[in-house]
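Undergrad: My questions will all concern the structure given below.
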Amino acid sequence: MKLVVTEKNDAAQKIADLLGVKKPKADKVYSTPVYRFDVDGEEWVTIGLRGHILEPDFTPSMVYKKRGGWQGVTEEGETFPADLPATLPKPPFKKKKPFTEDGVELKTWKMDALPYLVYAPIKKQPKEKEIIRSLKNLAKKADSVIIATDFDREGELIGSDALSCIQEVNASAPVSRARYSAFTKEEITHAFSNLVELDVNLASAGASRQDIDLIWGAVLTRYLTLVKFAGYGNVRSSGRVQTPTLALIVAKERERLAFVPEDYWVIRGAFGAEPDAFEAPHATARFKVEAEAQAVMAHVEGATAATVSSVEKKKRTVQPPAPFNTTSLMAAASAEGISPARTMRIAESLYMDGYISYPRVDNTVYPSSLDLAETVRAISGNPAYAPYCKELLAKGELKATRGKKETTDHPPIYPTAKATPDDLAPADYKLYNLIARRFLATLSEAAVIEGTKVTLDVNAEPFVAKGDVLVKPGYRAIYPYGLKKDEQLPALSEGETIAFGGATCTKKQTEPPARYSQGKLIQEMEKLGLGTKSTRHSIIERLYTVKYIQNDPIEPSQLGMAVCDALDKFAPHITHPEMTAELEEEMDNIAEGRTTKAQVVDTSRNLLSEQLASLLPHSEEVKDALADAVAADAYVGPCPKCGKDLQLRASQKTRGMFIGCAGWPDCDVTYPLPKGKVEAVPEPCPTCGMPQVKVTAFRSKPRTICIDPNCSTNKEPDVEVGECPACKANGKTAKLIAQKNPRTLKRFIRCENYDECGTGYPLPQYGALAATGEVCEHCGAPMVVVTTNRGPWRLCPNFDCPGKEQDEGKKDAKAGAKKPAAKKPAAKRKAPAKKA
DNA sequence: GCAAGGTC
């Protein structure tokens, strides 16, 4: 039997399809899917891994006293470092540790152990145990093995890890490597009939990246976390990619802080008469000196007519955009309000459901094997695209735009099946729509815009009106994203006199450079070589979860700035993107055989050791800086009782947030907070003067609320929403009241006779609530209307209402029928049937 | 309780 190992299940299936003469048989080994088929009478099996199946980690080890010096030792008795650098401090000695003499364990997070952790041995540990089990099971029966993971450095490493698992159970089977960069019949057949050897050097280049990332990440993360301990689960991380990324954000904020706004004055005149009235600014767009602006105002004072001194028209064409790769998709989606991390989550599920092609690509050029017309036809079933698709297809041969990056591993992201708003949840459709329209745009003609520049003369003062009109929409007809509105000017001719309705002079200020949006940051990371297409979004998300950054456009928290400053001062190597550039260079050297993994990792360890040695003596300073930053981030306002700081805090028990006084335990002032992400807001409540916080509940827009439950903005009158059905069944009459608990701010419906009948329903926690007077047809609960900023939402509050499932079922059946036949409908992807 | 990189 021939065993073929791919990087993912998808690839295993595709390769089986392309190599098998007959349709491959889908099978399972334990819980892992495999594909069996015959080639010239020989049995072949393909199995897909799940990316890396092994993961490096420190081996259990400790530092102990040796005659004449100090030594690290692993559980297996291996000692490290080979030559202890003289700069290493003496480790402290503790009594009785599990496996050797007195010492300090490296597994426990201890500041004293960090200098040794730098040199601690690393071993590959199993990560995907189920896959490894299945792989070994197949390997035992294999006569030969073909590694067919992706054709890149990480692919070589994944393949090499798989091979080491295979050889644990079968050391004799011959091994070869298939290298392909597209799932086409020709490419795959060619790769499997021209097998090569696994590139061990390339794999160890990847392995050195793993080790270096782990060592630097672990040492610096532990340092930052331990230097100012803030409770378990409160990690302050650092890493080769995330820290330089944070530094970019901090540098931008510094630029903004250093920015000194300058005053300038803008003069705008009113011209023409309704309905052709329009405004135009003075030819000097910005007056830096007020007196000059006032002089112009004096010149035009009292004027009632303007002369058209020139009319210039210029046509310009705007070329249609290039096909989407991961980065450009994330940037475009980010501009539409979908974060890169969310974009990738949605894209992954659209891909799995067969709506779009593989979403992790660098390529921006459609391969010739992609049938563009067929794809247009496939999505033309969506009525919103139908007329445009028809036009495109009528043109005959389709010609697509080409981006700058051309690789052959996967095609750029394009739609693979039709979807309509009924098939997908709203956010999913929003992304699908962007991808489908972009695809059509790349096949379209350029847009032609006519720009008009009219110079108007008022008492010898020039005013300039500019207008832009789309004269030939081209791709703009299907791809309106980022489109400015037309600014139409009335038809004017040179020498014409029109009415002048006076001018206004406004004082303005220059603006600091803009913060990064998530999309812009991803593009900047790509430019600097930070992270990969598949990881950049998760790096940014990581910075949010450790609370180094907040909001979008992104601003650093005080903590983020403090971490960045501390590292930049004492361990600057980790804060610069050059660390990645240097690592890339070293990895090339390893791949080319000019150096070895051991050498590169050792050099990196020594460098980290130096950086740590410069960090450790300044721990007090770093600790204070972090403590101040954390306090500043948590500060919401002064305590009304004792005047100390009110702070955002996490409850130890529930992990929920609340506001507590820094004077605790002397001062017991606390305020409850609703569920969701909470941030401090500088402005106090306009109604009562207490501090406010910004609360972002799951999948909701942020809202700003006063922290005082007794503030009138938090009070809500009880609303009578109907009669209690349970009491009615018992022959009694009782009202159902919607109310808000003044202590917890939770809103719910309860029967006024609750103590006896126990009837209660949950309610959405915000939005204006109103009774409808109607009763749910399924369960008899009172229907209510909640109006949020997304509009009114009519709902039955009964969590167990039998009507809920029925509605979901109907929607599923309807959507399922429209799905592409090959893919199974995924129930979880459907839009929840809630808005009526 | 660490990173970054694959993929789900």
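For all residues, glycine too, the Cβ spot is worked out from N, Cα and C.
OK, TrEMBL features for this one:
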{"type": "DOMAIN", "residues": "A:1-181", "note": "domain 'Toprim'"}
{"type": "SITE", "residues": "A:His52", "note": "site 'Interaction with DNA'"}
{"type": "DOMAIN", "residues": "A:199-612", "note": "domain 'Topo IA-type catalytic'"}
{"type": "SITE", "residues": "A:Arg209", "note": "site 'Interaction with DNA'"}
{"type": "SITE", "residues": "A:Asp213", "note": "site 'Interaction with DNA'"}
{"type": "ACT_SITE", "residues": "A:Tyr358", "note": "active site, O-(5'-phospho-DNA)-tyrosine intermediate"}
{"type": "SITE", "residues": "A:Arg360", "note": "site 'Interaction with DNA'"}
{"type": "REGION", "residues": "A:803-836", "note": "region 'Disordered'"}
{"type": "COMPBIAS", "residues": "A:803-815", "note": "compositional bias 'Basic and acidic residues'"}
{"type": "COMPBIAS", "residues": "A:816-836", "note": "compositional bias 'Basic residues'"}
Undergrad: Once the chains shown are all counted, how many other Cβ atoms turn up within 10 Å of the Cβ of A:Arg360 (site 'Interaction with DNA')?
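TA: I get 17 for this one.
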Undergrad: In sequence order, which same-chain residues at least six apart have a C-beta under 8 angstroms from A:Tyr358 (active site, O-(5'-phospho-DNA)-tyrosine intermediate)?
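TA: A:Asp10, A:Tyr351, A:His410, A:Pro411, A:Ile413 - these are the non-local Cβ neighbours of A:Tyr358 (active site, O-(5'-phospho-DNA)-tyrosine intermediate), listed in sequence order.
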Undergrad: When DSSP states are folded down to helix, strand and coil, where does A:Asp213 (site 'Interaction with DNA') land?
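TA: It is helical.
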Undergrad: Counting other Cβ atoms within 10 Å, pick out the least crowded of the recorded sites A:His52, A:Arg209.
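TA: It is A:His52 that, of the recorded sites A:His52, A:Arg209, has the fewest other Cβ atoms within 10 Å.
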Undergrad: Which one is it: of the recorded sites A:His52, A:Arg209, A:Asp213, whose Cα lies the shortest distance from the Cα of A:Arg360 (site 'Interaction with DNA')?
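TA: Comparing Cα positions, the candidate nearest A:Arg360 (site 'Interaction with DNA') turns out to be A:His52.
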Undergrad: Other than its own, how many Cβ atoms are within 10 Å of the Cβ belonging to A:Asp213 (site 'Interaction with DNA')?
TA: 16
Undergrad: List the Cα distance (Å, whole number) between A:His52 (site 'Interaction with DNA') and A:Asp213 (site 'Interaction with DNA').
TA: 15
Undergrad: For the domain 'Toprim' (A:1-181), what is the mean per-residue pLDDT, to the nearest integer?
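TA: Computed over the domain 'Toprim' (A:1-181), the mean pLDDT is 86 on the 0 to 100 scale.
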